[in-house]
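Taking it in order: structure first as structure tokens, then the write-up.
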Amino acid sequence: MEIMQSCFINQSGCKVERLTKVYVTIFWEERDAFNLCFPIFSSPQCYLHRAFFSSFSGAGESGKSTIVKQMRILHVNGFNSEEKKQKILDIRKNVKDAIVTIVSAMSTLIPPVPLANQENQFRADYIKSIAPLSDFDYTQEFFEHAKHLWDDEGVKACFERSNEYQLIDCAQYFLERLDSVSLPDYTPTDQDLLRCRVLTSGIFETRFQVDKVNFHMFDVGGQRDERRKWIQCFNDVTAIIFVVACSSYNMVIREDNNTNRLRESLDLFKSIWNNRWLRTISIILFLNKQDMLAEKVLAGKSKIEDYFPEFTNYTVPEDATPDAGEDPKVTRAKFFIRDEFLRISTATGDGKHYCYPHFTCAVDTENIRRVFNDCRDIIQRMHLRQYELL
């Protein structure tokens, strides 16, 4: 852990102002991680200058960039009109990637999925022909073909099997909004920006202030083979936030198209929790993509027990508190996933570190606002405990 301090004594010598920054590491599903910098009180007499630093790295689709966008919406006056215009091309590329992926998968799935309306075959051929084009003009012809294909029941049936191939999460969201996305004067909404999927490459910084606390977030790209280096570098951190996509229980990772994503996340969590350098570091667990988990569970097409046989005999704890109006099936699913992680943390915690779970939805601004506020309090208490002030 890196700690930076600076002290200032006034002319009378009776007041001390000290800046203390404590770096915290946050691990994300699919090898993602970011560092935080939170302040602590060095003594009761010290004034507190607080700063929060974070940097994200790792593969996408875990929700890291979405949370950075939420911080901008919540604390940096959102996105101006020029920034929204700059995202139009990315959003339209999401539409292209989505429809190309679905149409291409129709012939590769086992069994394959035919078009419901064979008159759409020329549209499917058109979509396949533009697949390799990187410099593409999004004409009304393209949007018309995409819209007709999305309305085809065969394409919808292929979409329902998207866990069998790699499809971006925002596919349905934008394909259902083709009428607005295709408009010449289209202006993305905040929700459009949150849903937009862009591969993180390089380093992107977001700064904001909350209650006189300065925050710096860095969104950084990274690869799976760097995991060992990350763990070695995160010695003596104050806290870890681990984020997992709960809806990934029926999906495989992109790297090998074989390993179950949720199993991979559990294995990574276990390796971090049991890492000898992190045995005293508590973890804040973000059980993310609760909205997508609920959709899958209620649809009933991909049963959790088919991927996790232990779910068959799982009973929801008596102290579990479901959300208002939540279907019991969803409650059982989300607490099962939570308890799979807590089972790891309680097995080897030895009382030296703890796991604090939170159910999150990265595209829900109010949810992230509440969770973010809770985490600030939790991490600050960790700092106080670490320096024996609590």
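Here the Cβ of each residue, glycine as well, is placed from N, Cα and C on the backbone.
Whatever TrEMBL says is automated annotation, not expert-curated.
Record features, source TrEMBL:
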BINDING   61-66, 194-200, 219-223, 288-291, A362  GTP binding site
BINDING   S65, T200  Mg(2+) binding site
For N288 (GTP binding site), what is the secondary structure state per DSSP, taken as helix, strand or coil?
-> strand
Quick tally, other C-beta within 10 angstroms, S65, N288; top of the binding-site residues is N288
Within 10 Å of each Cβ, count the other Cβ atoms and name the one among the binding-site residues K64, R197 with the highest count.
-> K64
Taking DSSP three-state, what's R197 (GTP binding site) in: helix, strand or coil?
-> coil
Would you mind ranking the binding-site residues L194, D291 by how many other Cβ atoms sit within 10 Å of each Cβ and giving me the lowest?
-> D291
Within 10 A of the CB of E61 (GTP binding site), the number of other CB atoms across every chain shown is 24
